[in-house]
Amino acid sequence: MSSPVVVQGTAVAPPTQQQQQPHTGATETEHQPAKTGCNDPIFALLFYCNLGAIVAVAILYGPGTFDTATNNSGTDFTGLIYAVLVTGVISFIFSGLGLAFLMQYPAFMIKVGLIFVVVMSLVWCVFAFLNGSIFAGVIGAVFFLIGVCYARAVWSRIPFAAINMVTAGTAIKANLGVTLFAYLFTAFEVAWVLLWSVAFAGTLDTTYTCENGVCQNPSYGFLFLLLLSFYFTQQVLQSCVHVTVAGTVGTWWVAPEESGFCSKGVRNSFIRTITTSFGSICFGSLLVAIVQALRALANEARSNGDAAIFACIAECILACLARILEYFNKWAYIYVGVYGYSYLQAGRSVFQLFADRGWDAVIADDLVGNALLLTSIIVGGLVGVLGIVLSASTAFFEEAGEAATGVAFFLGFIVGLSICSILLSTIASGVNTVIVMFADAPREFESNHPELSAKMRETWRQFYPGSV
C-alpha cells in the first residue's frame with residue numbers, strides 16, 4: 001500500500017505520524033511532515049505593525065478631520081465615513097444572497113459568467129471604436145474573438161466545472177459553520193475599510209498644503225504606503241477565508257464524521273488559520289499587495305499625465321505580475337490550510353503535484369472564476385447605485401461637483417466588490433481544494449463519499465481521459 005498523506009486536524013492519522021501532522025488518509029501521494037510551530041512568523045509581525053500603524057494614524061489625525069472648522073482642507077469627511085458604513089452593511093447582505101444563489105444554481109452561473117466575459121470584451125470593442133480609439137478597438141476585437149473561441153472550446157466542459165462546484169458546495173453545506181467565519185472576516189473587512197478611511201482622510205487633511213494659491217495633495221510616497229496597507233490587509237482577510245475553507249474541506253474529505261455546522265474540523269481549521277498558518281498567509285498577501293499598490297500608483301500617474309506612456313506600460317506589467325502571484329497563492333494556500341506547510345513549501349508541493357500528474361490543463365480551465373467574478377461585479381454594481389443615492393444627501397460628494405456621481409458609484413462599487421469577493425471565496429476555495437484533494441487523495445474520497453466520487457470520476461474521465 002502507498003504511503004499515507006497527513007491532513008491537519010483530523011483524528012484518522014496513524015499514531016506514529018499524528019504527533020507530526022494530525023490528519024491522514026491513504027493515498028498515492030507521500031507528504032513530508034510540516035514543521036511544528038508558526039510558519040513565516042516575520043510576515044505576521046509585519047502585518048501587526050501595519051495594523052498598528054493605521055490605528056495610530058486614525059487616532060492621531062482622524063478625529064480633527066471631521067471638523068470643517070479645524071481641518072486644513074475645509075472638507076467635511078463625515079459623509080464619506082457614513083457612505084462607507086452604509087454601503088459596507090448593504091454589501092454584506094447582498095453578498096450573502098449571491099453566495100446562496102451560487103450554491104443553488106452552479107451550472108447556470110458558470111454559463112452566464114462565461115457569456116459575460118465574452119460580452120464585456122465586445123462592449124469594450126464597440127465603446128473604443130465609438131470614441132475614436134482605433135487601437136483600443138482593435139485590441140477589444142481581438143479579445144472578443146479569442147473569447148468566442150474559448151467559450152466554444154470549453155462550453156462542453158461546463159459539466160466538469162459544475163461537478164467540482166457541486167462537490168465543493170456539498171462540503172461547505174456539511175460544514176456550514178465555515179460560512180460564519182467567512183462572514184466574520186467580511187465584517188472585519190467592513191471595519192477595516194472604515195478604519196482605513198479615517199486614516200486616509202486624516203493623512204489627506206494633514207498633508208494638504210496651499211502655498212501661493214497652489215494646493216497639493218499627498219505625495220506618491222504617502223499614497224503608496226496607504227494603498228499598500230489597504231491591499232495588504234484586504235488580501236490577508238480574503239486569504240484567511242481561503243485557508244480556513246481549505247482545511248475544512250480537507251477534513252471533510254478524509255474524515256466526514258468530523259463534519260457539522262460548527263464541527264471540530266471547522267473550529268480547528270479556523271484556529272490554525274489565525275495561529276500557525278497566519279505568517280504564511282501574510283507572506284503571500286504582502287507580495288500581492290506590493291504589486292497592487294504599485295499598479296494603483298501607475299494608474300494614478302497615468303491619469304495625471306505624469307509620463308503617461310511609461311505609466312501605462314508599468315501598469316500592464318504590474319497587472320500581469322499581480323495575476324501570476326494571485327494564481328500562485330490560490331493553490332499554495334490550499335496546502336497551507338490542508339497540510340500546514342509554509343508558504344514556499346506549499347507552493348512547491350502543489351505545483352509539483354499537478355506537474356507530475358499532467359493536470360496543468362485542468363488548472364487552466366477555471367470556469368468557476370467567471371461565475372464568481374460576475375456575482376461580485378453585480379453586487380458591486382448594486383452597491384455602487386446605492387452610493388449614487390447616498391451622494392445626493394452627503395456633503396462630501398457635493399464638493400466633488402460634476403464628478404460626484406462617478407465618485408459615489410466608484411466608492412460603492414469598490415466596497416461592494418471587496419466585501420463580496422471575501423464571502424464568495426468560500427466557493428472558490430472549496431472548488432480549488434476539491435481539485436487538489438481529488439488529485440491527492442482519490443481513495444479517501446471514494447471510500448467516504450462514493451456517490452460524489454462516482455460522478456466526479458465519470459465527468460473527469462469524459463473531459464480528461466487518463467487523469468483518473
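Using N, Cα and C of the backbone, Cβ positions are placed for all residues, glycine too.
Lifted from TrEMBL, the feature list:
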- 8-27: compositional bias 'Low complexity' (COMPBIAS)
- 1-33: region 'Disordered' (REGION)
- 42-61: transmembrane segment (TRANSMEM)
- 81-101: transmembrane segment (TRANSMEM)
- 108-129: transmembrane segment (TRANSMEM)
- 135-155: transmembrane segment (TRANSMEM)
- 176-199: transmembrane segment (TRANSMEM)
- 219-237: transmembrane segment (TRANSMEM)
- 274-295: transmembrane segment (TRANSMEM)
- 307-325: transmembrane segment (TRANSMEM)
- 332-351: transmembrane segment (TRANSMEM)
- 371-397: transmembrane segment (TRANSMEM)
- 409-439: transmembrane segment (TRANSMEM)
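Scored by C-beta pairs under 8 angstroms, the transmembrane segment (274-295) has its highest count with 332-351, from the stretches 81-101, 135-155, 332-351, 409-439. Counted over residue pairs 6 or more apart, the CB atoms of the transmembrane segment (219-237) and the transmembrane segment (332-351) come under 8 Å in fewer than three pairs, which marks the two as apart. Comparing 42-61, 81-101, 108-129, 307-325, 409-439 for CB pairs under 8 angstroms to the transmembrane segment (176-199), the maximum falls on 81-101. Within the chain, the transmembrane segment (81-101) has long-range Cβ neighbours (under 8 A, six or more residues past its boundaries) at 66, 109, 179, 183, 186-187, 189-190, 193-194, 197-198, 201, 375-376, 378-379, 382-383, 386-387, 390-391, 394, 396-397, 408, 411-412, 415-416, 418-420, 422-424, 426-427. Residues 284, 287-288, 291-292, 294-295, 298-299, 301 of the same chain sit 6 or more residues outside the transmembrane segment (307-325) yet have a Cβ under 8 Å from a Cβ within it.
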